[in-house]
Amino acid sequence: MNPYIEILRPVNAVMAVITVMLMALITGRFDFSVLLASVVVFTATGAGNVINDYFDHEIDAINRPERPIPSGRISRGVAGVYSIILFALASLMGFYLGLLPGLVVVSSSLLMVYYAWRLKKRCLVGNITISFLTGLSFVFGGIVLGEVRASILLGFYAFLMTMAREIVKDMEDVEGDRAEGATTLPITHGMRISGVLAASFMLIASLTSPSLYLLGIFSALYIPVLLLAVAVFLRAAIMILRGQDRATASRVSRMIKVGMALTFIAFAAGSGTITALTGLS
């Protein structure tokens with residue numbers, strides 16, 4: 001893959017774009033603003049990934065030596081300029097959508113830079129920041145499409161799921177993080193406590209997620225797919241409680257990603273647009 005595309009982590013960026021598309025399904029709006037908001041989210045997320053790799057070049061040499069900067073396919077200086085250009089483009093497009101969307105993009109961009117520079121290595125603070133930004137993608141879509149209430153609730157669940165995965169990823173990367181002098185949760189409080197906290201976030205998300213149906217945000221079509229996601233999260237929670245070694249953490253991290261994907265599919269299935277198309281409720 002071209003290193004300038006790879007460093008964006010396009011799969012993660014597309015996952016962020018899906019939040020906007022899900023809000024479009026909920027509102028039933030599919031116009032230029034949806035397309036532009038999707039491009040904004042992809043660009044800003046990609047920029048955040050680039051600046052993250054810029055500041056993480058030393059630790060990635062241990063944990064992720066195949067990434068573009070530690071592998072030498074992109075210089076650190078070029079990556080820094082690349083991220084600035086991407087952040088600027090995302091901000092300009094955000095202001096084209098409106099003052100509030102533009103301010104959200106600018107503030108998110110600044111937070112992503114500060115996260116990569118200072119917050120990432122701090123116990124839980126970095127995890128909370130990236131989880132907040134993930135949930136904010138839903139809220140951004142809700143602001144653009146005029147459905148803020150639902151977007152906040154969906155963003156909350158995205159926050160819970162992301163918190164679980166971020167903690168598990170820290171467990172997976174504990175060796176390199178310790179060598180870099182980071183103070184992530186597994187380093188400061190141990191792997192066992194980290195596993196318990198990650199499992200707790202998965203359990204909270206699993207047990208409360210049916211409320212989105214009860215509140216009338218989604219139709220009954222939401223429930224069957226949601227149950228699959230809950231099964232994945234519960235299995236992942238049990239696994240991380242039973243073992244906290246790197247291999248288990250790596251597997252659980254992948255399972256959480258699958259669970260998040262299934263949750264997003266459940267959001268889509270229960271949306272007003274899909275319900276109207278199927279004639280089911």
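Just so you know, glycine gets a Cβ as well, placed from its N, Cα and C.
Per Swiss-Prot, the listed range annotated as transmembrane segment is 72-91 (candidates: 72-91, 172-191). Counted as Cβ pairs under 8 Å, contacts with the transmembrane segment (128-148) are highest for 7-27 among 7-27, 32-52, 72-91, 193-213, 214-234. When each of 72-91, 193-213, 214-234, 258-278 is checked for Cβ pairs under 8 Å to the transmembrane segment (7-27), 258-278 comes out on top. Nonlocal intrachain contacts for the transmembrane segment (193-213), taken as residues 6+ away from its ends with a CB within less than 8 angstroms of a stretch CB, comprise 153-154, 157, 160-161, 163-165, 167-168, 170-171, 185-186, 219-220, 222-223, 226, 229-230, 233-234, 236-238, 240-241, 244, 252, 256, 259, 263, 270. Beyond the transmembrane segment (72-91), the same-chain residues lying 6 or more positions past its ends with a Cβ under 8 Å from any Cβ of the stretch are 3-4, 7, 40, 43-44, 46-48, 50-51, 53-54, 57, 102, 105-106, 109, 112-113.
Residues of the same chain lying 6 or more positions beyond the ends of the transmembrane segment (258-278) and with a Cβ under 8 Å from any Cβ of it are 15, 18-19, 22, 24-28, 154, 157-158, 161-162, 165, 202, 209, 212-213, 217-226, 228-229, 232-233, 236.
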